[in-house]
Amino acid sequence: MTTLVHIGSRDWPEEQNEQSSHGLPVPIEIQREDKATIPEVPSPKAACTNQLDEKHISVQGEAGTDPATTKVPIHTPQGQGQGPDHVDIDVVPIPPPDVGLQPWLQVIAGHFLMFNSWGLVVSYGSFQTYYTTQIAHSGNYPLQSASKNASAIAWIGSIQNTLLLVGGALGGKYFDAGYFRQMLGLGTFLVVFGTLMTSLVKEYYQAVLAQGVCVGLGMGMLLVPSVALPSTWFHKRRGLAVGIVSSGASLGGIVIPIGLRHSISSVGFGWAVRILALMSLVTLLVSNLLIRQRLPPRPAKGARFIEYQALREQREFALWTAGQFVTYFGFFGFYNYVEAWAESIGLDRHSSGGGFPLEYLLPVLNAASILGRLIPCFIADYTGPLNIQGPSLFVTALLVFVWIPCRTLGGLLAITVLYGFFSGAVIATPPAVVASMTEDLRRFGGRMGVMFLTMACSSLVGPPVMGAIIEMHGGSYDAAKVYAGAMIMGGTVLVWLSRLYKTGLRVVVKA
C-alpha cells in the first residue's frame, strides 16, 4: 500500500506550511506492506542539520522480522541551512500469513521444484546401476566403453550434484535481486532439455554434458526458489512447510527409479528418459504457474555471494562447515552404490528368499527419507537443529559400518530404511542450522553460499573416489564402505565440536 507521511510538520511556521514547494511539510510516498506508525522526526531545525548523522527512521513492526530500507528525499527549507538530502526509513514487512490457500500453494510449487532438483540427484543410483550392469551385456549401447568403470559413471552424477549445490550458492544473490522468475524459467528449460538430450547421447562425453552439466545447471537454478519463496509465507509453521517442500526430493527418489526401471523394460532406455523429461516438464510448469513472491526484492547492502569471512568470525560456524565438507565425501555412497552392490553379491532382482525386487531399494530408501525430513525438522523447532543433525550423522555413519558385513536381503532392507530416515534429517537440517548461527539474517544467503560450495566440493569427488576404490579392489565394495563410513564419522566429530563450542558443556540446551 502507499502511505502519505508528513515529517516534522508541527514546528513549521504557518506561512511555510502553505508553501509546500519550498520545504516541509511535503507529502512523501513510501511503498510499504504494513500498517505500522512512522514516528515523527524531531523539529525541522534538528532534522535538517548534521545532528542526523545516521539519517534513518525505524518503523517498528513484528518482532523477529527483517526490515528493508527505503530512501526518502528531504527538502531543506529556505534559511534553515544545509542538511541531509534524504532519510533511510526501515520498513518492516507484515508477518507471514501462515494460513490460507496461497501459502500452501507455494508449498506445492516448492515441492515440485525439489522433486526436479534433489529428487533427480537421489535417483541417480538407478542410472549408475543401469550403466554399470545392464549395458555391460549389451553390445549396442552408446556408453559401452565406460559401462564397466564405476568411477567414470559416477562422475556424471557427481557433476550433476555439484552444479546443483553451486547453483544454490550463487543463486541467492540473484534471487534477492528479484530474478526468481528468470531463474525458474532457465532452470525449467535446462532440466527438460538436458534430460531429452540424455535420451539421444552417442558417446560418454555427451552423457556428461547432457545429464551432468546441463541438467545439473538447471537444478541449481531451481534450488534457491524452491526453499526461499515458500519460507516467506510462513512463520510459526515454517519448519513444517520447509519439511513438506523438502520431501519433494524423497518423492522424486521414489517415483523416478520405479518409473525409469519399468519404462526401460517396456519401451527401452531412450523413451524411458523421454518420459522422465515429460514428467519434469509437467511438474515444473505447475510450479511456474503457482509460485508467487510475497515481498518485493530487497537485497541487503554489502551482502556478498559468499560470506567467506564468517569462517573467520564465528568458530562454531567454521567447525560445522568443515563437518559438512568431510561428511559429503562419503554421504552419497549408499545412494549411488547400494543397488549395484546388491546385484554384485548375487541378491537377485527378484530374490526367491524374500520376493523383494532390488529395483525398489532406492524407492524404499527415499520413502524413509520423507519421514526423516519431516519428523526431525518438527522436533528441531523445540530442540534446535544442531541437536538433531549431530545424532543423525552419528547413526548414519554407524549404519554404513553395519553395511560392511551385511549379506542378507532382510539386513539390507533394515539398513536401507534406517539410512533413509537419518540421512533425510542430515539433508534437511543444514539451512536451519545456518539460520541459528546467523544473527543478521540479511547475511543468511551468503552463509548458505558457503555451505553449498563446501558440500559441492566434496560431493564432486566423493562418489568417483568410491568408484575408484571399488575398481582397485577388484569389484569388492568393502573398502569403499569403510571410506564412506570414516568420512561421515569424521564429519560427525566436527559437528559435535561445533555444538560444544556454541553451548559449552551443557547437555540439555537448545542449539
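For all residues, glycine too, the Cβ spot is worked out from N, Cα and C.
Any TrEMBL annotation is an automated prediction that lacks curation.
According to TrEMBL, the features are:
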- 103-502: domain 'Major facilitator superfamily (MFS) profile' (DOMAIN)
- 1-25: region 'Disordered' (REGION)
- 63-84: region 'Disordered' (REGION)
- 152-171: transmembrane segment (TRANSMEM)
- 183-201: transmembrane segment (TRANSMEM)
- 207-228: transmembrane segment (TRANSMEM)
- 240-259: transmembrane segment (TRANSMEM)
- 271-291: transmembrane segment (TRANSMEM)
- 317-338: transmembrane segment (TRANSMEM)
- 358-379: transmembrane segment (TRANSMEM)
- 386-404: transmembrane segment (TRANSMEM)
- 410-429: transmembrane segment (TRANSMEM)
- 450-470: transmembrane segment (TRANSMEM)
- 482-501: transmembrane segment (TRANSMEM)
Result, the transmembrane segment (183-201) in contact with the transmembrane segment (450-470) (3+ CB pairs under 8 Å): no
Of 317-338, 386-404, 410-429, 482-501, whichever stretch has the most CB pairs under 8 A to the transmembrane segment (358-379): 410-429
The transmembrane segment (482-501) touching the transmembrane segment (271-291) per 3+ Cβ pairs under 8 Å rule: no
Folded-back contacts onto the transmembrane segment (482-501), same chain, C-beta under 8 angstroms, at least six residues removed: 315-317, 319-320, 322-331, 333-334, 386-387, 389-390, 393-394, 396-398, 400-401, 403-404, 462, 465-466, 469, 511
Among the ranges 152-171, 317-338, 386-404, 410-429, the one whose Cβ pairs under 8 Å to the transmembrane segment (240-259) are most numerous: 410-429
Long-range environment of the transmembrane segment (410-429) - Cβ separation under 8 angstroms, sequence gap at least 6: 118, 242-243, 246, 249-250, 327, 331, 334-335, 338, 342, 347, 354, 356, 361, 364-373, 376-377, 380, 385, 388-389, 392-393, 395-396, 399-400, 402-403
